[in-house]
Amino acid sequence: MKDRYILAVESSCDETSVAILKNDKELLANIIASQVESHKRFGGVVPEVASRHHVEVVTTCFEDALQEAGIVASDLDAVAVTYGPGLVGALLVGMAAAKAFAWANKLPLIPINHMAGHLMAARDVKELQYPLLALLVSGGHTELVYVSEPGDYKIVGETRDDAVGEAYDKVGRVMGLTYPAGREIDQLAHKGQDTYHFPRAMIKEDHLEFSFSGLKSAFINLHHNAEQKGEALVLEDLCASFQAAVLDILLAKTQKALLKYPVKTLVVAGGVAANQGLRERLATDISPDIDVVIPPLRLCGDNAGMIALAAAIEFEKENFASLKLNAKPSLAFESL
């Protein structure tokens, strides 16, 4: 049987990425051009800057992916692209490149939801068993998703305010840490103790909604008041206390969801899934009867490899889009 090759494009935020997937789950290439250095001085992603960087490198990413995979355009069977959610300007750059490439090479276009990509990155670890529950944690999203079968997603809980990754970056900025702050906070947290006792919003309520704005505000107020009074704060303990509160919230809601939706598999994905503290808590707090599947670190952040892994499923269902496909920056799972 002829091998199948899918080229995937991801540009929803501040990474330009192009990947090549062979057959169902063999990633031959996953080129990622990161913009982190460009956004550090701003303390966050500047949409206009992100869009310009995508324009500068996207063609090179296509070339590098094909070269690394050892194939040419005529070997490809489809092109997949993230069409939302994300920054509209950033999405449009990747979509324009993907659509032009698909048109020039007479290839079908597969539209992929960015968050579905994060979820399906877990396919790199093992073939997923359905139905399953997913905890998706990133800079822009915090969601619990019930997946009855491949491609059938239902959000059963989400944040009412800040996403968990956003909260990490905001408190990191207050402490003077480098953007993005998640990894550094995680490392410092492992050296400290939970001594500041921050609030855990809605942790005892039965619903599956999250909230991190109160935790963020409590952290900022503590830090500000200490500065005003000239009191010294222990950085490691601050990070440990903040992370303990975040993880308590995430684990409490996930455990409630597992009781409500009796599944055998829990996928934890998104940029924050790289957090070692979260991985440790999942190992100790989640029942051994639940198969916890977390993508490898290389597939936790934004990358086109995860888009390709999601696209393999959509290809089988012949879920193709016309070249009139437009970016949907606020795309939800229910829109699939």
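Just so it is clear, glycine is given a Cβ too, placed from its N, Cα and C backbone atoms.
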Per Swiss-Prot, Leu136, Val137, Ser138, Gly139, Gly140, Asp169, Gly182, Asp186 bind substrate; matching candidate in Asn105, Asn221, Asn225, Asn275: Asn275
Cβ neighbour count (within 10 Å, all chains shown) around His118 (Fe cation binding site): 31
Which listed residue (Ser138, Asn275) has most other Cβ within 10 Å, given these are binding-site residues: Asn275
Count of other CB atoms lying within 10 Å of the CB belonging to Gly182 (substrate binding site): 22
Neighbourhood of Leu136 (substrate binding site) by C-beta distance under 8 A, where only residues 6 or more apart in the same chain count: Met115, His118, Leu119, Thr142, Glu143, Leu144, Val145, Ala269, Gly270
